[in-house]
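Chemist: Handing you this structure, nothing more for now.
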Amino acid sequence: MELSDCIQKQFSRVEVWSEETIGEALSGIPELDALVRPYVTEPDGHAYGRNVVYADERMEAIVIHLPAGARTAIHDHGVSIGCAVVVEGRMTNEVYRLDPGGRLRLAEADAHRAGERMPSPAGVIHRMRNDGDARLVSLHVYAPPLRGMTRYD
């Protein structure tokens, strides 16, 4: 079965969208690493590879590839909620908050290894980093599909 078919099957069962239900559906996809591997894209002039592997009116799924030493921009996901699962490598997720003066401040940083989930509540401002020597691959699901993201750096 193809990755998009597995995603469609798993997420057709989701009735109430939350970071938890998205994470549970992601965890229910068997042999995720083998399914994701063919969809890993190279950065192609950007800091990381990004491949939308499934999208409908309710949600979208994206395979992210951060090469060793790469990081994303600091960003939010607009009104979308989501959850990611690390497929390969180790991700450091930095969460930021705006101080009273409107400046970004690092609030926390957590490491996530292969098989671990990273929830993404609405309004969170974050950046993902790959501090390792090998690539980082993760599968992200957002509901509704990403619209109105803000980039902070």
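Including glycine, each Cβ sits where the backbone N, Cα and C put it.
Curation does not apply to TrEMBL; its annotations are automatic.
Sharing the feature lines straight out of TrEMBL:
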{"type": "BINDING", "residues": "HIS75, HIS77, HIS126", "note": "Fe cation binding site"}
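So that I understand the layout, could you describe where these features sit and how close they are to other parts?
Modeler: According to DSSP, HIS126 (Fe cation binding site) sits within a strand segment. Of all Cβ atoms in the protein chains displayed, 20 besides its own lie within 10 Å of the Cβ of HIS126 (Fe cation binding site).
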Chemist: Any idea which of the binding-site residues HIS75, HIS77 has the thinnest Cβ neighbourhood at 10 Å?
Modeler: HIS75
Chemist: Taking the centroid of the Cβ atoms of HIS75, HIS77, HIS126 as the Fe cation site, which other residues of that chain lie with their Cβ within 8 Å of it, listed in sequence order?
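Modeler: Residues close to the Fe cation site, other than HIS75, HIS77, HIS126: THR72, ILE74, ASP76, SER120, VAL124, ILE125, ARG127, MET149.
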Chemist: For HIS77 (Fe cation binding site), which DSSP three-state class applies?
Modeler: coil
